[in-house]
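Chemist: Quick one: the structure is below, and I'll ask about it shortly.
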Amino acid sequence: MRKTSSPRIAPSEITPRDLYHDRRRFMQAAAGAAAAALWPHWLSAGEKLPGVRKTDHVLPDALTPFEDVAHYNNFYEFGTDKETPSRTAGSLKTRPWTVSVEGEVQKPKLFDVDDLLKLAPLEERIYRLRCVEGWSMVVPWVGFPLAELIKRVEPTGNAKFVEFITLYDPARMPGQKSSVLDWPYREALRLDEAMHPLTLLVFGLYGEVLPNQNGAPVRVVVPWKYGFKSAKSIVRIRFVEQQPVSTWTRAVPSEYGFYANVNPQVDHPRWSQAKERRLGEFFKRPTLMFNGYAEQVAHLYAGMDLKKFF
C-alpha cells in the first residue's frame with residue numbers, strides 16, 4: 001500500500017484531550033512483545049490500552065475533540081438523535097463478550113473479545129470519518145488490520161463477502177425495541193475490501209478503550225466509506241458467497257447502496273455529498289473522493305460505474 005506524504009503532527013499539538021499527551025511515554029514503556037504481560041483480565045471504557053504503537057497513518061487535519069467524538073453519535077440501538085447514545089449506552093455490558101467468526105472459512109472460531117484484542121499488535125490510526133448526513137470528524141482509532149483476523153481463519157474459495165452482525169439485546173440496547181430498522185444491524189464488505197490494509201478492527205480511540213456509544217467493545221472502521229458501513233458492537237463475522245443485504249439497504253434500497261464509498265459526485269437523495277461540515281468548524285469544506293483515500297483504494301473499483309454502484 002502506498003503511504004501518503006502528509007506531514008506528521010504530534011497528537012499533543014492537535015488535540016485538547018488532557019490525558020492524551022502522556023500516551024507516547026506510556027507506549028514506549030509498554031511497546032513490543034512485553035506488552036502482552038500488561039493486559040489485565042479485561043479493561044473498561046476510559047482505561048488506557050497498553051502496548052499501542054504509532055504508525056505512519058496520520059493526517060494533517062486536526063483531531064476532533066474527544067468530547068465531540070464521544071457525544072455526537074449515530075447508534076440507533078441507543079437512540080436516533082446524536083446525543084442520546086452517550087446517555088443510554090451505559091446499559092451495555094461489554095464483558096463477557098464473544099465474537100463468532102464463521103461461514104466459508106477453514107478455521108471457524110468463537111473468540112473471547114480479550115483474546116481477540118491480543119491477536120495482533122494494537123496500533124493507532126488517525127482517520128477521517130465521513131457521515132452520509134454531511135458531517136465529518138477525525139479520530140485516532142486503536143486496533144489492528146481486519147486482515148490479521150481474516151488470515152487466521154483462512155477463508156475458503158467460496159468466500160466473496162464478509163458480513164458483520166451487531167449484538168441484539170433490546171433490554172440493554174433500548175433503541176432495538178423500535179421498528180425504525182430491522183434488527184440486528186448488519187453490514188458487509190467485499191472480501192478484498194475487508195482485507196485492505198486500511199480496514200481496521202477497532203477496540204479503542206484516543207488511546208483508551210472504546211466508549212459504549214462508539215461501538216464497544218469491538219467494531220470495524222472503513223475510512224473511505226460512509227460511517228454506516230463501519231459496524232459497531234460486533235458479535236458475528238460471517239464469510240459468505242453471495243452479497244448480503246445490509247440493514248440500510250434493506251430499509252431504503254433506493255437511498256443506500258452496498259458500496260457506500262464517499263463520493264462528492266453522487267448525492268444522497270436527502271443530502272448533498274459535495275461538501276461536509278467538520279465537527280467544531282463553522283464553514284463547510286469540500287468532500288474528498290473516497291474521503292481522501294483514493295490513492296490507496298481507487299483500484300478496488302477500477303472499471304465500475306460508481307454512480308450505479310453507489
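The backbone N, Cα and C atoms fix where each Cβ goes, and this holds for glycine too.
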Chemist: According to Swiss-Prot, Asn73, Tyr76, Glu77, Cys131, Asn214, Arg219, Ser230, Ala231, Lys232 bind Mo-molybdopterin; so which of Thr166, Thr287 is the extra one listed there?
Modeler: Thr166
Chemist: DSSP secondary structure for Glu77 (Mo-molybdopterin binding site), reduced to helix/strand/coil, please.
Modeler: helix
Chemist: Max Cα distance spanning Asn73, Tyr76, Glu77, Cys131, Thr166, Asn214, Arg219, Ser230, Ala231, Lys232 (Mo-molybdopterin binders), Å?
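Modeler: Comparing all Cα pairs, the maximum is 19 Å.
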